[in-house]
Amino acid sequence: MYPLYFFSPSLSFSLPSPLSLSLSLLSAQKLCGTNYPVSISFIVVNEFCERFSYYGMKAVLTLYFINYLHWDPNLSTAVYHAFSSLCYFTPVLGALIADSWLGKFKTIIYLSVVYVLGHIVKSVGAIPSVGDSTIHIVLSMVGLILIAFGTGGIKPCVAAFGGDQFDEEHTNERRKFFSIFYMSINGGSVLSTLITPMLRGDVQCFGGDCYALAFGVPAILMVIALVVFISGSGMYKKSPPEGNILLDVCKCMGLAIKNRWKSSKYDPKKKHWLDWAEDKYPRRLIHEIKMVLRVLVLYIPLPMFWALFDQQGSRWTLQATRMNMAFMLNALLILVFVPIFDMVVYPLIGLCRINLTPLKKMAVGMIFAALAFGSATLVEVNVTKTVVEPAPQGQCLLQVYNLAVSDVKLNIPGSNLFSQPIKSYEDPPAYQHIQLGGHNKTITMAVTQNEILYQCVQTFTEQKAYTLVLHSNGSEIVCQLATDNIHKSEKMEAYLRFINTRSEAVNITVGAVDFYVPADYGISPHNSVERKEYTNDKCTSGSQNFLITLGLLDFGASYTVILKGVKIILQKMEDVKANNVHIAWQIPQYVLITAGEVMFSITGLEFSYSQAPANMKSVLQAGWLLTVAFGNVIVLIVAEGAGLDQWMEFLLFAGLLVAVCIIFSIMAYFYTYVDPDELDKLFPDKTVNDDDEDNLKKNQKYHLDQTDNSMYLNPIEKRTKM
């Protein structure tokens, strides 16, 4: 379900010292007689705990925004994807720090401390007693920024540091290590996305859902990750910083653009615009940049895939809260699909003699993702049938309960609503939109019963939902306005309230929830109750005890139960319909998006790794991570700017990805696969042609200009020394 990041190990040459020899003996320890260094076990456990920490926090983040900070779904989605985007921009900063300043080991430790501090600040911000809502928002945002710099900063370092632990002759073991590393990512994410939502919903603290605990446990896991990583310090191979190749690439490209811009028509023509940097930079570096740029161009359409993929944690989560939750799908699909595709699907395709190249796999993955959002559109259309959409600005929602003994008519000036008589104790069919023309409005309504006219004066506020209760006090009709709750419970519980028409107050216990209902048409507050069949619930009125049967209170519904009669007769109204779409209908979209991920994400990473020169793989990884970041930016733009219904937004994303897939397929058709090892033939290790003599001098001048010549060897010289 989550991207795997491959990196090339950093290599350097230096004379051994007694200290380095002793460290080499420690790092040479192997696991159970294999060629796997003992040190990688610390790195794998560290990654498992870190991913548990990250995805556990994200699993409840959208609901935290909505239910704790009281943001609307669009703002919550926007901030969620802004945070996700920042987490994939900061790896560039982490790579710069590791390569040019601290090295991977120290970068991981220092930024992990920042990571832990972010979790702590985030947890404190979720404690209700700590300040007001402004303090909660500030602490939450500061915590998320620190977490983004922590997780993003270590992202380009941990896997590469694991690759550094292997000897050069153990390339097969190193390749398998990345598979193990990938499984640790998904193992941590699977457990966290199951456990942290339970910590939030099943554990109560500070009088409500325990978001502080749900964020606190990931903080503890990140502390464990840091402790485990430091524990293996004596066993690690720690390569010093070698200078940042990404910076060299940017400088070379900048010089080429500058020289090309300043050139005149009398200057010799160049085959490629990068060749204008040959006066300072080695030809091999320029050739390697050309190879990388050809792949980076293919990356341009890729953010659209991530724009769809990352909505699993925002829009799809919100969709799930409005469905029947008798069954919950989890992230285990990815752990099942990876071996299925590797051992079954791809071999079967090979038997059919279909040449499924990496770029073709990625295109098919895009189609699967688009189909997933098509499926999500169909689900959303059916889900919205049970949802009461909030009124827009300048309007409110109104339904009417007629608790009088006969039919009544209601007339609202300037509208033709409620044109038909309202029957006694009739369950209203739907909420009606009342035009206010401003923030609030006082309306004088006419109520007619038995041809006698009564006036009902009430004040309405925009974007709220109301129930107008009409009843008789013996001589005339009385109207009473109650504010309604139309939002569905994110815990898949039912909302319940009572209206007491009797002359005595009533105390009712429904499950573990107590209700007090005042006499003479008193209305209790809405309370959430567990979804189940309720029979023989305790009811006390004065000195009398009763047992009442409410029947099934279903997922996501909101009920009003009217109490009437001496022996208490119940009349149950359904204000908001129950979730009648089972969450199992989300299975197809998750299956499709997971299949798309296996074919797109993993294949894309392998393709990028195979097409990049050895010293440019980190550059390509930075480009890959940026596609994820820009994908989240796309969601931000659409969520905030489009203003579409959710099902239309899903359909828009699906259509956009199909269009992008077509563009990507055309680009892929013209792409020629390369073998980076061919660079050794173009630029031999030990011999230099006469034509390359001048270029070699340029190379030497370039590298003598660097801070540490031992770390910036000429590519030809460097490969010879290895």
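Using the three backbone atoms N, Cα and C, a Cβ is placed for every residue, glycine included.
Away from its own ends, the transmembrane segment (78-97) comes close to residues 58, 61-62, 65, 71, 107, 111, 144-145, 147-149, 151-157, 244, 246-247, 310, 313-314, 618, 621-622, 625-626, 628-633, 635-636, 639-640 of its chain (Cβ-Cβ under 8 Å, at least six residues beyond either end). Here TrEMBL flags 78-97 (among others) as transmembrane segment.
Listed by sequence, the residues of this chain that lie at least six past the ends of the transmembrane segment (109-131) yet keep a Cβ under 8 A from its Cβ atoms are 50, 53, 57, 64, 68, 94, 97, 102, 137-140, 142-151, 153-154, 206-208, 211-212, 214-216, 218-219, 222-223, 225-226, 229-230. Taken from TrEMBL, the feature transmembrane segment covers 109-131 (among others).
Per TrEMBL, transmembrane segment is recorded for 137-158 (among others).
Sequence-distant contacts of the transmembrane segment (179-199) (same chain, six or more residues past either end, CB-CB distance under 8 Å): 1-2, 4, 40, 43-45, 47-57, 59-60, 159, 162, 210, 213-214, 217-218, 221, 330-332, 334-335, 338, 602. Under the heading transmembrane segment, TrEMBL lists 179-199 (among others).
What TrEMBL records for 211-230 (among others) is transmembrane segment. Residues 42-43, 45-50, 52-54, 56-57, 60, 64, 68, 108-109, 112-113, 115-116, 119-120, 122-124, 126-127, 192, 195-197, 199-200, 203, 205 of the same chain, all 6+ positions outside the transmembrane segment (211-230), place their C-beta atoms under 8 angstroms from a C-beta of that stretch.
Annotation comment: TrEMBL describes 291-309 (among others) as transmembrane segment. Counting same-chain residues at least six beyond the ends of the transmembrane segment (291-309), those with a Cβ under 8 angstroms from any Cβ of the stretch are 249, 274, 359, 365-366, 369-370, 372-373, 593, 596-597, 600-601, 604, 607-608, 611-613, 616, 619-620, 623-624, 626-635, 638, 653-654, 656-657, 660-661, 663-664, 667-668, 671, 674, 676.
Annotated transmembrane segment per TrEMBL: 329-351 (among others), in sequence order. Sequence-remote contacts of a segment are chain residues at least 6 beyond its ends whose Cβ falls under 8 Å from one of its Cβ atoms, and for the transmembrane segment (329-351) they are 1-2, 182-183, 186-187, 189-190, 193-194, 583-584, 586-587, 590-591, 594-595, 597-599, 602.
Among the features that TrEMBL reports, transmembrane segment is placed at 546-566 (among others).
With a cut-off of 8 Å between Cβ atoms, the residues of this chain six or more beyond the transmembrane segment (587-607) that come close are 1, 3-6, 182, 295, 302, 305, 308-309, 312, 316, 329, 333-334, 337-338, 341, 358-359, 361-362, 364-369, 371-373, 375-376, 379, 624. What TrEMBL records for 587-607 (among others) is transmembrane segment.
Summarising the annotation, TrEMBL assigns transmembrane segment to 619-638 (among others).
Taken from TrEMBL, the feature transmembrane segment applies to 650-671 (among others).
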